[in-house]
Every structure is written in structure tokens, then in C-alpha cells.
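Asker: What Swiss-Prot shows for this protein is this:
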- K116: active site, N6-AMP-lysine intermediate (ACT_SITE)
- D34, F35, E36, Y37, D38, S83, L84, E114, R137, E177, K295, K319: NAD(+) binding site (BINDING)
- C413, C416, C431, C436: Zn(2+) binding site (BINDING)
- 596-675: domain 'BRCT' (DOMAIN)
Amino acid sequence: MTPVEAQSRIAELRAQVARHDELYHRRAQPQIGDFEYDALKRELAELEAAWPQFARGASPTEQVGDDRTEGFQVYRHRERMMSLDNTYSETELREFHDRLVRELERDGLKFVIEPKIDGLAVSITYEKGKLVRAVTRGNGIEGDDITTNALTIKSLPRELKRADGVPLPAVIEIRGEVFLTTEEFLRINRQREEAGEPLYANPRNLAAGTIKQLDPREVAQRKLEVVLYGRGYVEPASALPETQAQFHGWVKAWGLPTVERFWTATGADEIWAAVQELDALRDTFAYATDGAVVKLDAVPLQRRAGSTSKSPRWAMAYKFAPDRAETQLRAITVQVGRTGVLTPVAELDPVQLAGTTVSRATLHNRDEIARKDIRVGDFVYVEKAGEIIPAVIGVNPARRAPECVPYVFPEKCPECGTAVVQLEGEVAVRCPNFSCPVQVRRRVQHFASKACVDIEGMGEAMVDVLVEKGWVHSVPDIYQLKRENLLTLGKSVEKSTDKLLEAIEASKRAELWRFIHGLGIPHAGAAAAKDLARTFGGLERLASARYEDFIREKASVIGGIGETMALAILAYFAEPRNRAVVDELVRVGVQPVVPNSGSALAGKTFVLTGTLPTLTRDEATAQIEAAGGKVSSGVSKKTSYVLAGEEAGSKLEKARALAVPVIDEAEFLRLLSGG
């Protein structure tokens, strides 16, 4: 490489890394994977080392990625919040160990190995045991104050527990990661899929975008979690732990959520064995892990090892190489969702990926196909996005055949032929035809599903037939099906026809929240539907609601319903065809069961823990909700009762600590009966 080429490449790489830093840290919308990003930074660092005359000025290789965004107050960390050096190489990990042994002149150094959580880095400050501030890493010197949003995280205590033998510092910055569990991420994506909305790519991006919402009510809709494992400023200094392993014990004793497991190791071989064991177990963790963090255990030795301007020299992240595969893209099919969103899907030659056979993968949307220049016939790289959803992340241009031409996204709906539209500010392309057969099928399937009014016998196959025959054009048509028509669907169908009609008739008396959920209002899932049912008590009242019924003086009137959801509900019922569906449901005799506002359980919040003698958790939940109560996942001072069975866990301990009434099944049934 000539000097001119080196200077040009350094400038090009600096611009690329800066752009990807902006997309990842500030917008939570990365366009490349960690592996590609780390490769760019590594190439830049190597060139800057080889050509120092062209490496003047601030380099992204020496800076912490900056996550500060508009709309938040900035707060200065009392102790700099660094990022970690990382590697994908076993050799480099062993060299890290050997360097510390050499520099500290110590054999037998002890290390702690922790899961590397794929979330958003945060620093939580406690003063005299009370939570006073939560701040993002920002640029390492100062970050965004997200205290109000962090307080919506149910697992994050506002006050530290006091424990025998464990000091409680006057001031401590405790560092960790905010994340979404895999279960919660999949729940949110299921809701979006039902609504025909584009799926989120991975839990990390969604968690980062959520914690930076300006409205904490919106943050509370997604069940963020936090795990804490590090420390910043500690006052007094005498309250510092002697080792990292000891600090983990303190974090747990204070009642804070910490890593599920960590390893200790002496020597490079033991470190590598622990990393491999962690890799084998990472699918069992509640959070996404993309590597292992190796830390020198002794805190005094950490201080001796010191740090660079960006990273501690006593820690390193070993990142697991992404599980990816190369295969050929045979076709692109476009699916139409319940709300008309067109989602492109890659049809692939089957390939093994993360222990499963993958033959289909998401292409996200029209813009992503164009940006990556993905063409039918290309050899593409497929990766599990966030270890969960298969996605096409790029193309192998070296294997592109001359006949592979740029993909042209459909200008008409592939199902009904209607010209597609793209609303301003949206990446989604939609079919605007409300009568599009696929949209009708998806809406009816959703309404009749177990999650909604639960019409037994009306599965996907039956709905397909009803729509194809022209007997069902919208949800209310379900209640006007004629027996004589259904009897024409085959021989000996009298019994199944009568059972279906009985199930349809019975569904007219389903719980109100099930009807609300069945309407498919954007952003309003089952939990929101239950809140709306308790508040409005009827479909017509909900359909006629005004903004002031949801938001008053910039505050939410209904628990769990923030401004974004309120506006989505109002927009839904402002559409004449949606309002007509409600009117028609009432006309055909639907009479939803309304939560009992006069019950002793009305307005009460329950938390369930352990195994009850006779009731399943679902049965107890259904009875509470039918009586106007609410079931929550976490215990707080606002909890009315904890319903506890055998083998009750930490929720029972927390209830006792907060003096929340604890009842058994017998007492619960007495409350339910009004006794």
C-alpha cells in the first residue's frame, strides 16, 4: 500500500466507522452486524498504527461510541464509563492473559468470566441506598439521564437492601445493561406480526430504542429488564470490594439483578475452558449474550493495570463469531399482513444455521433490499438476527451471475392487484384495499383465534374456505353464516357444522377485552385490551372515546395506555370502515361480558407465585380479570394481593418486605365470592 492509498483508506474507514457509530448508538438502527463493524475498526486501528503520520486528530478507535440523543438532560459520570476491547480470536485472548501476567509480574492470576449481555450500557447511582439517577454511557464522560424511564423497570429496586457483612456505600455507581428478554421480544414481534407491521430485528436495538423514548408510559409498555455487574465511582473508597467475585455477591445481597452465572479461572487454559462452557450454556440465559467478558478478579491489581483513554486494560470481551451461512437465494416472495403491510421473504436453498435448517429468512422491507442490492439468484449470507430470527445480512458479489438483475418490488398487491402505497415517514409498503382477500383472512383468523374470542372449529383452513366462498368479507359476517351454506362443504358435516355454529353463538358472550383485542387495533395487544375493557365497559363507548379520555394534562388517564397507543386507538375508530365493524357487531347481537366493577376484586392488582392446589395460573388470572381485577408480573407497593401457592419464590419474599397482603387459594376464592 502506498502512502497515498493508506491516507485515503484511513479517511474512508474513519467516515464509515463514524457513520455506523451514529446508526448503532444514537439511532439503534444498525445497518451492519457487530462482526463487520469490528472488522472495520480493526482494519482502521492497524492502518493508523502502521501509518501514524495519517492518524492525527480524534480517531473512532480511541473513543467510546456516543449514544447521547436529543430530548434528554446530560449528566456527567463521576467516574468515566468505558467500553471494552474485544476480540474474536482465542490467540488474542491468551495474549491478553499473558500480558497481564508479564506486566503485573504475577503468576497464578485469578480471573472472572461473565456473560457479555447484548443490551444498552447504563450506570445506576445509589446515594445512601436510594436510587437517585440512571444514565446511559453516552460518550463515556457524560450520558443521557434516563432516570424516569429506568424507574419503569420492575426488577430495578429504588432502594438497596441492607445485609449483614455487606457494606452499603454512601455513593455508588453500579454499571450494567438494559435489555429485553427473548420471551418479551418475541411477544412484541408477535403483536407486530398480527398487526401486519414490520418485525423488530433484534432485542438489543429494541431495548435501546425503548429506553430512549421521551414518554415513560410508552417505555412501561415493554417489559425492560436490567442486569448489573460493574461499578464506577464508590464513596468512601474503603467500601470498594476486594475482588470482582466478591462484588457479584454484594450486588445480589443489595437486591439488585445480576448475571445468572459467572466463572472463576486461573491461567489461560482455564479461561478458555470457561469461555467455551459459557458458549454452550448461553441459550439457557434469559438475555441475549454475544460473548464472554474476562476480568482480572483482584480490584487492587485492576487499579495497577490501569486503562487506556477508551478501555480498561484489565478486561477483555471475547465475542462469539456470528453463526452464519452462505446459500443461494432462489426467490423473493411478498407476504401481505393483516393491516396490508407487504413483507418480502427470502426463499433459500436449505442450510444449517444455529442447529436448525433454515430455508426462509426475512428481508425486512423494500428499502433494505435496495440498500443491500439483493437479487434473486445471488449467493447470500444468512445470520440469526440477535440469535433469534434468520435474516439475510448481505450478498457475496464475487459469486453473482450476469443474469442476476436488480429486484423490482411489486407496485401492486400480489394478492388483489391494488396499487400499493407508502405513507410518509414509513418504511412499510402497504396494500390499501381493505377488502383484499388476504387481509380479510388474516383479520378473521385473528378475531376467531384462541387469543381473542376463541371460536372452536374456526381455524385457518376454515377461514380460508369461508372467505374463498364469499360468505365472509369482514369480522361481523362470522355471526351471519347460514347452516345451509356450511352443509354444502362436504358429506357428513352436520355434526361439525352444528358445533361450529354453537361455538360462534357462544362467542357473542366472550369477555369484552377479547373483542377489543380481536379488532386488531395497532399497538394495542391483549394487556392494553384488558385496560380498555376495565375503563370503557363497552365497544361503543370505546369507539366514541375522545383524546381527553386517554390523556389529560399530559398524563395518562388509563394505566398502561400511553400517548402513542391512545393516538393509534383514536385513528383506528376515526376510520369509518372500522367504526362500521363495531356497529355491525352490535347489530348482529354481540354482547361482550364486561368486567364486574362491583366485585371486591375490581380495581385490585394481583401477583401470582407458586403452584395453587386446584387452579392453574391461567384459570386464576381469568377469574381475577372477569371480576375486574388485574394481574401483574412483579410485586410493588401498588400490588393489592400476592396469591401464593406451593414453592412460591422471590415474589413472596418481596411481598413480605413491602408488607403486601399474601393470600392462599382458599382466601382468594372467598374474596371472589364476596365472602
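These residue numbers are counts, starting from 1, taken along the chain as shown.
Glycine residues also receive a Cβ, built from the backbone N, Cα and C atoms like all the rest.
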Asker: For K295 (NAD(+) binding site), which DSSP three-state class applies?
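Answerer: The residue in question, K295 (NAD(+) binding site), is strand (DSSP, three-state).
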Asker: Averaging the per-residue pLDDT over the domain 'BRCT' (596-675), what integer do you get?
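Answerer: Mean per-residue confidence for the domain 'BRCT' (596-675): 84 out of 100.
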Asker: I need the neighbours of the Zn(2+) site defined by C413, C416, C431, C436. Which other residues of that chain put their C-beta within 8 angstroms of the C-beta centroid, in sequence order?
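Answerer: Near the Zn(2+) site, beyond C413, C416, C431, C436, sit V336, G340, K412, P414, E415, G417, T418, V420, P432, N433, P437, V438, Q439.
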Asker: How many other Cβ atoms are found within 10 Å of the Cβ atom of E36 (NAD(+) binding site), counting all protein chains shown?
Answerer: 15
Asker: Between L84, C413, C431, which of the binding-site residues has the fewest other CB atoms within 10 angstroms in the structure shown?
Answerer: L84
Asker: Measuring Cα to Cα, how many angstrom lie between C416 (Zn(2+) binding site) and K295 (NAD(+) binding site)?
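Answerer: Answer for this pair: 59 Å between alpha carbons.
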Asker: Can you tell me the CA-to-CA distance separating D38 (NAD(+) binding site) and K116 (active site, N6-AMP-lysine intermediate), as a whole number of Å?
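Answerer: D38 (NAD(+) binding site) and K116 (active site, N6-AMP-lysine intermediate) have their Cα atoms 16 Å apart.
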Asker: To the nearest Å, how far is the Cα of E36 (NAD(+) binding site) from the Cα of C431 (Zn(2+) binding site)?
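Answerer: Rounded to a whole number, the Cα-Cα distance is 35 Å.
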Asker: If you measure C413 (Zn(2+) binding site) to R137 (NAD(+) binding site) at Cα, how many Å is it?
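Answerer: It is 45 Å, counting Cα to Cα.
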Asker: Near the residue listed as 'active site, N6-AMP-lysine intermediate', how many other Cβ atoms are within 10 Å of its Cβ?
Answerer: 23
Asker: Out of R137, K295, C431, point to the one nearest K116 (active site, N6-AMP-lysine intermediate) in space (Cα versus Cα); all of them are binding-site residues in the record.
Answerer: K295
Asker: Which number gives the other C-beta atoms within 10 angstroms of the C-beta of C416 (Zn(2+) binding site), all protein chains shown included?
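Answerer: By my count, 16.
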Asker: Of L84, R137, K295, which is closest to C436 (Zn(2+) binding site) if I measure between C-alpha atoms? They're all binding-site residues.
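Answerer: Nearest listed residue in space: R137.
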